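Report on one structure; see the data block that follows.
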Protein chains: 2
Amino acid sequence: MTDDTRWLAPEESAAWVRLVALAELLPGALDAQLLRDAGLTHFEYGALMALAAAPERTMRMTELASRTNATLPRLSHVARRLEERGLIERFPCPEDRRATNATITPAGLALISEAAPGHVETVRANVLDALAPEQLEQLYVIAGAVLARLDPDARLSATSCQFSEGPVDHVVA
Amino acid sequence: MTDDTRWLAPEESAAWVRLVALAELLPGALDAQLLRDAGLTHFEYGALMALAAAPERTMRMTELASRTNATLPRLSHVARRLEERGLIERFPCPEDRRATNATITPAGLALISEAAPGHVETVRANVLDALAPEQLEQLYVIAGAVLARLDPDARLSATSCQFSEGPVDHVVA
DNA sequence: CGCATTCAGTTGTTGCGTCAACCAATGCGG
DNA sequence: CCGCATTGGTTGACGCAACAACTGAATGCG
């Protein structure tokens, strides 16, 4: 059994193990804080933020799914739950009657405005505060290189997502 | 409403968005390949690898749970499924009759030996090959700094996990 | 020695994500 | 126009993870 697999060198293995651990722990930490303080998963928070940032606070389901890296069924389930809670509303798109538009409600805006500071604080405490400015830059480049492999179409890092950590007030105003 | 939240600066936001995207996509990519080629989730693969690396190929459930970042109930369910598939075996610990020991079976060893090359190849293709050596080092340091916040007890990056990407043959031999 | 507490694991329930099937609307080729 | 594949979205069933409750064994304390 000639095995031509290139096994990982020690430096590779060490970095890889840490990256995997990071990828496993980070989502849980984000969910835990948001769920505790606002009753939202990080995914729901991201979806609401994307809606808040959209023109007219409205977006097609398909586009929202793409921006949040969700499958359409997943988004549909989540949207139903958010709608039941009065945080968003859905209505058929006038131009294309197959499509559905989703809008964030005032209650939804209020909720994310309230949740945002705590979330940002969590991000700082768990990640950003641990890094020097040059490490932030390195992280940006490294994650970009990996994402180019993982997400060649760059759906996820589309424009509006950068907004997802800013204040919401100017939208509410 | 005086809001003293320190919102994210553009560089912070950019790096953060990419990190979140990475953390969201990576587990799915790992699961997809392993599930397709070996019928294992990445978590199951990691658990089997940890067992293969353990002395006597045996470990206490609690220790295994800690190493794989699983809750005990989760590991219990997973272990039952793996046992039903004949990949591991469980038996009461002689020294402490509360405890349960888990051992990987020859079939389990065979499965992970078979699965390992494809998994390593996936890791290279999606991550390692995208990074220069110095970036690998940077990633190691950055992930370490973040993990110190996220996982202060360093349960997850415990000793044996580094092994999880090496060849299995010397264990099988 | 007897009882309470803690520890190790399992089991049941609930909630979320995925997959496959489905319905409705569009638009395109004949 | 008329069939038919394609697109946009929803629904239902199934699998896995989190949480809580429970069992049984070990320990500690009077």
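Note that the numbers count up from 1, one per residue, in the order the chain is shown.
Keep in mind that glycine also has a Cβ here, set from the backbone N, Cα and C atoms.
Look at TrEMBL and you will find A:12-148 tagged as domain 'HTH marR-type'.
In the domain 'HTH marR-type' (A:12-148), the DSSP tally of helix, strand and coil residues is 102 helix, 13 strand, 22 coil. On the 0 to 100 pLDDT scale, the domain 'HTH marR-type' (A:12-148) averages 95 in the predicted structure.
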